[in-house]
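*Asks:* One structure follows; several queries about it will come next.
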């Protein structure tokens, strides 16, 4: 016979219904529990076993979706849970066929089977699993996965991502972040979210900074990959509880893309600058800040580009998306009217939507409306600069600039004088120590000046945007060196480029890729193999391509291309031709440098990715490009302060000057007002009030709020963020007569910033993602074998697979190994290889899977996992031994405490007995009064349960209270109970008479006719089940009786999913409700009610009975500790705890929040996300624990002690295989449960206080009504328009007023909560006689709240 395969328990667990489509008769559906590690093959196996089908036949699993209507075949290795998480939320919990999302089990078709078997031969998630590793086999494996929409593939812990040139919703659903959370790499299908999660967990576990390096040529999808990584890393931190910083980080992405990305021949969204974003975290994993560093923005794209390419996105967004008012304000033209654009747009609607998205993103990073207007004004001015034209005057030969309307618009946008603008565009000024020389530009040079102004202005604007985004993401604690923090960096540098015309920018870009490839080779090949050789282990070296020669060609100190370029840039008479001659002369024998023909001003460099031809034209100009001093002088004269910030050579100095200027202005204003003040002090008070009104405002509560934002920039924070971006700021060349040094060249600045970047990422542990371009034509889902093979070759993927396959993923020093696995080693084991070798031999490990070097141990991943599992088992064994000893000591301690407490109780009892004799009340009267008041409070405390309590249980509960109060004087018990019973019987008879005299109420909510119950019996080869149901409701039942009986073998009420045990009629499992109600009626006053354990034999006996028939046993026959122990056992045996595995880490993150109010809000937010069945059961359990804690004086169970007992039962760690993780979280889980109990205890007391106020209002109304009846005559005309509400408090009211009703005028009812509480107070259903009451079961009126309210209104009227 088939047996169910135990699915691996992941963090996401769902119960799915599988509907068979088979010729033979089977159940309507088969419910199965699946986790993230269960494949389609395992689910089919379990479904076949559950349904009792023929296991010799072949079956397939199909997914049906309502949206597409098609049936999708799941392959054997697919994960059904990944498909379920893409369904609507309602369909994930319960998915009948009518909702359109479900699974079908059917016989395997012959034609599909062959294809599936054939296609699965080479479908590998990890290329290290390939049997034959060649470039051809790698290419075939990647191609096959690509056409199955599997764009991600592993090479051990390295990810290969192939760009499909199309958005795939299946891959980037937000629920995938949750799916891959805390999962080992390789357990689920390859995904970029898995790399992000592994990096995040490595940072937290090892407390070491991490770095994710994205590599690939232009068009390979690095920008999109970076965006998904940032989204995943922020989601892992915030846990759906956002502090606002995550919004700023996510908003920075669209802003930077708009200003720095453009459409190129290879890529529709190419990033034209390098970016390194570093996310800073607290040690607990909560994100606390971020920093963005930029590298070499491509400025030449502003003024010229290939005809197939476009300018930066932001220009098209602005021109198409701006409203009419904005077009007039910014003086915008049509795109084709700008010389810098020259394109006719095709998709205006999409660009308009992107403009709105840009506005939202700018608001997310803190840009005000005025700031956005300033930015758009600068962009409009940059575009208009391209329309400026030059000509020589025919008469005088003076250089003239125009058109006049363009110059006027430019002066208005920049807020500068038109005359000074014309002077800047036409004349050059040279400042020396003796004089100032002004000369006119030639007609050939003038357009270069215009383009230089546009490029430098845009570069300065981009620098300012980066600066203020960094300030918005800044955490003040990041500036304190004493505060430790962790970080994850994401490096997305420009991809390797080989265009038709390659210039200075392409040389810098490709040099960056050479440095990045060198870094990758060092970490993947060199360092690891050097470690193997130094340790003396057996190892066959894996060769790789070393690109050191190309790097030295470009960046060698004395002879490198950059160094020669800098020297030529400083020579006044040097030209592009002289530069090329020096390059050829210096490197004519270098194998990486290929000189071109004499007729071409070009040279070729042999890069790691191929040969690239560079055009030497404008190399010198671009290398020395700075913001000209004439432009700086012009912009500093602007009337707009925003423009001053763009051209400030020192932002700190500008900030200090701004503070000083504002201070002087304020002092001047106060000085003038002081002179003008009147003789009376009233004018002085008016000045102070005006100052307060400027900076403060009153809130609704009357308190004054400060209008100044909290996160204002100060000098300290400004200096910090300026230092972060100092390596790549736009150079500004200002007039200075005694200047001795020139500003650094672009190549020098770029090399320095690149060195700083490499130093930063070398301090972190790297993860690598290789992005691959699928085709050069940007076609969707098209795989170009030749292009992909070329990338496989130059990135060295073949060598990576070889070294990862033959290498060792786990490395420990002897000391680290002994410290980690000490429990597996003999006692007193030393740090020597002998004991380690003995351990491996004892575990019978294959000698080919490990090696022991001079100081280190090298292991394969499979063997490391085996060691970890063995360690976990050994730890669990020791924990059990410790628990035994701890329980022994605890029992001894309890015994001693009970012995001492017994003596104290005896003394206190004697004293209390002596005092009671002195009092005027007799013992019977005193006990009756006290017991009645406490019993009344107990009934009130059950306001939210709608309890079903019979007459017999009511009396038994009262008797327990009397026994508790009576102590050893048992003679008073029967007398007090009889007295209470006579009062209660009199109340019942009075209520019955009143009910007979009033007209019968119509119950609109009765759904089952109790007088004529229909029994539905179904017999289909198994035991019959009886379902009590109304006849007309039978057609609406979707649960088959056979599946109700056969769905879960063994126990029907223990160890079963909560959702299976609940329904609309019973929102809480029946066993739990019976046990909790019995404890509340009989055990609230028992000391240590949940701390002590009952008899094991009695508990086993009661468990066997309740497992099949909850209503069978009589709980009165069992000790109360046996019943409480069974409650804990029911909770522990749940497959998925009440506070589910999927929300475990969320609850722990909520507990770690600093503020108490935030913790409570976050915990309750996660409780609301529980499934309905778990939520209702948890609500009932917490209410029960509150009632237990309320009687702490008797049972000695405080909220904290209850949390210690129940936290392991309802909030268990999903990592059951690693006991260390569970032990580490004990304090957090206990604190979480204590928060729930304490908060509900507080609300419970508040609600009881409200009920007390309700009763006081009742007493007042009754007394006033009696006085009016005695002294006045009711007048009908005064009652018009007044609605009188009548309500009988019944058992909830004081037993001194059991036969009275109260009337309350609606106009006098001030608290709406009172009316709501009055309608919700429980009322016990009465029977015909006292004898019937003694034998009746629990019952309760089924009237709805609306019916009760309606009847009360009619009675009041």
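Each Cβ is built from the backbone N, Cα and C atoms, and glycine gets one as well.
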*Asks:* Need the matching range: TrEMBL marks region 'Actin-binding' on one of 731-753, 754-776, 777-799, and I'd like to know which.
*Replies:* 754-776
*Asks:* With TrEMBL as the source, which of 1191-1236, 1237-1282 is set down as coiled coil?
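*Replies:* Among 1191-1236, 1237-1282, the range TrEMBL annotates as coiled coil is 1237-1282.
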*Asks:* Could you tell me which of the ranges 1300-1328, 1329-1357 is annotated in TrEMBL as region 'Disordered'?
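*Replies:* Based on what TrEMBL states, region 'Disordered' spans 1329-1357.
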*Asks:* Within its own chain, what residues at least 6 apart in sequence put their Cβ under 8 Å from the Cβ of residue 223 (ATP binding site), listed in sequence order?
*Replies:* 257, 261, 269, 270, 271, 492
*Asks:* Enumerate same-chain residues with a sequence separation of six or more from residue 221 (ATP binding site) and a Cβ-Cβ distance below 8 A; give 'none' if the list is empty.
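*Replies:* Counting only residues 6 or more apart in sequence, the Cβ neighbours of residue 221 (ATP binding site) under 8 Å are 161, 162, 163, 771, 773.
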*Asks:* Within the chain of residue 217 (ATP binding site), which residues six or more apart in sequence place their C-beta under 8 angstroms from its C-beta?
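*Replies:* Residues satisfying the criterion: 266, 495, 496, 497, 513, 609, 773, 791.
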*Asks:* Measure the Cβ-based neighbour count of residue 219 (ATP binding site), defined as the other Cβ atoms within 10 Å of its Cβ.
*Replies:* 24
*Asks:* Please identify which of 218, 220 has the densest Cβ environment, defined as other Cβ atoms within 10 Å, among these binding-site residues.
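*Replies:* Per the Cβ count, the most surrounded site is 220.
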*Asks:* Across the whole of the domain 'Ras-associating' (12-110), what does the mean pLDDT come to? Round it, please.
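*Replies:* The predicted confidence over the domain 'Ras-associating' (12-110), as a mean pLDDT, is 79.
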*Asks:* Looking only at Cβ atoms, how many others are within 10 Å of the one on residue 222 (ATP binding site)?
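*Replies:* Residue 222 (ATP binding site) is surrounded by 27 other Cβ atoms within 10 Å.
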*Asks:* Which residues, in sequence order, are found in the same chain with Cβ within 8 Å of the centroid defined by the Cβ atoms of 216, 217, 218, 219, 220, 221, 222, 223 at the ATP site, excluding those residues themselves?
*Replies:* 163, 267, 270, 495, 771, 773
*Asks:* For residue 216 (ATP binding site), which residues in the same chain are close in space, meaning a Cβ under 8 Å from its Cβ, but six or more apart along the sequence?
*Replies:* 222, 495, 496, 770, 771, 772, 773, 791
